[in-house]
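As given in TrEMBL:
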type     : residues : note
SIGNAL   : 1-21     : signal peptide
ACT_SITE : Glu117   : active site, proton donor
ACT_SITE : Glu351   : active site, proton donor
BINDING  : Thr475   : Ca(2+) binding site
REGION   : 517-557  : region 'Disordered'
Amino acid sequence: MPFRLLVSLGLLCALLPLHHGAPGPDGTAPDPAHYRERVKAMFYHAYDSYLENAFPYDELRPLTCDGHDTWGSFSLTLIDALDTLLILGNVSEFQRVVEVLQDNIDFDIDVNASVFETNIRVVGGLLSAHLLSKKAGVEVEAGWPCSGPLLRMAEEAARKLLPAFQTPTGMPYGTVNLLHGVNPGETPVTCTAGIGTFIVEFATLSSLTGDPVFEDVARVALVRLWESRSDIGLVGNHIDVLTGKWVAQDSGIGAGVDSYFEYLVKGAILLQDKKLMAMFLEYNKAIRNYTRFDDWYLWVQMYKGTVSMPVFQSLEAYWPGLQSLIGDIDNAMRTFLNYYTVWKQFGGLPEFYNIPQGYTVEKREGYPLRPELIESAMYLYRATGDPTLLELGRDAVESIEKISKVECGFATIKDLRDHKLDNRMESFFLAETVKYLYLLFDPANFIHNNGSTFDAVITPYGECILGAGGYIFNTEAHPIDPAALHCCRRLKEEQWEVEDLMREFYSLKRNRSRFQKKTMSSGPWQPPTGPGTFSSPENQDQARGKKPAKQKIPLLSCPSQPFTSKLALLGQVFLDSS
């Protein structure tokens, strides 16, 4: 299928008008306006509870009405919820939160952070909010969207992640210390999704800032995964980023792998990149050949294709939505209906579901209010108008409110069999679950713009069009306006000229006495490195195609994270027979 047709089909899923009159089990139709207001009330119950009981911690603990840090002490729920505020129409709170984040967020902290989670939640959330600022009535600075405080924060956060990519393979470590870089004892084992889920955010960042390093490292990581696939075209679950050897060889579309496939498709659409789409289509063939059984997707051994785990994971429910983006609607609907039967059986999706037995897997009975099935329903409803998809939205609202709503927010469901609760409300509940539910019931939302309205913006590089629709959601449901990537383009030769001028300026004009202490302790002072580098001026030559000098990674004295804890951050490793 021609690439342009694939892209057109993908964008069409976001642009087709909705059909009304979805019948419920009693013959009545779920009223979109009614459920839209219900979803909005859910959001504010959770959001207000976070502000009152948990801010400035990362997340709310709804059973004890307090907060805790989970992913790096960034007030993460506030960042994750920011673009949802605008989608719900609350411009005043959006503006207030932007000021709060500028005043309170600091990335120069001695914290071991997940590279994957920091990217999709923090970098993605800040980029999305930056691009939506003008629509939210924020007074943007001259040169926006090529400059702005939220963009600078996103860039700062992303730069903290770059040391993780300094490996022999170009595939990143899973964890990095935001102050010191990669700990010397850090495990080199990273899940596939933790390697292949950067191109959306990093390419956007490179386009807006003019610094190619972000997109470059994301592309290298994608290519290295592609080159590491098995002879039958599959990838495993976890890989050693130093040696390129697969540690966990179970292959599937779920935990530890999922957003790698998602970003090949979304990166292809965002960047109009035929190679990324060709990669996904090749993977799609292998996935169909070896992992698909009766519209379910199982886990198989990546080299042999033999079934290793006949389970469905709740994280796999993104797959029908992804299929819709390449126009594979029939297969997407069949798989979605399989997953929906599991939801109706339990009132949610258990983390693991044994397909032959038709029941939950021991110790995987929980439902942390994940968004993936609702995400797929939103995409498919935009594409088809099938009333079954509105029914899922209705069921999700009723189930979540009945089972998990407590006085201080919404609690993770620890066990779907008896509806016991756990003391956590993950930030993705406000970033994704509520957002996709609201968009499912809100056909007139600006996110669904069909191109009939837009904003013309004057940038230092000419006029560009923003807000015309076709938003690409990152894997944390932060919408990126693809048109923005064309607003800040400049010739690389001009960029290098500016960098040379900056280095000359720093060399000749800066007061060197300011650096006297650094000179005495660290040797001769060097001018600051410009865009396109990790840490050293040699990388400037690399940007021009010259071979850089070999760099040494400094030895650090930070505590290393336990191997098992590291794996728990980014996905399940299937090392036992359970």
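Cβ from N, Cα, C; glycine included.
Everything TrEMBL records as a feature, shown here on the structure.
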residue: Glu117; record: active site, proton donor; Cβ neighbours (10 Å): 22
residue: Glu351; record: active site, proton donor; Cβ neighbours (10 Å): 22
residue: Thr475; record: Ca(2+) binding site; Cβ neighbours (10 Å): 25
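A straight line from the CA of Glu351 (active site, proton donor) to the CA of Glu117 (active site, proton donor) spans 19 Å.
Taking the Cα atom of each, the residue listed as 'Ca(2+) binding site' and Glu117 (active site, proton donor) are about 10 angstrom apart.
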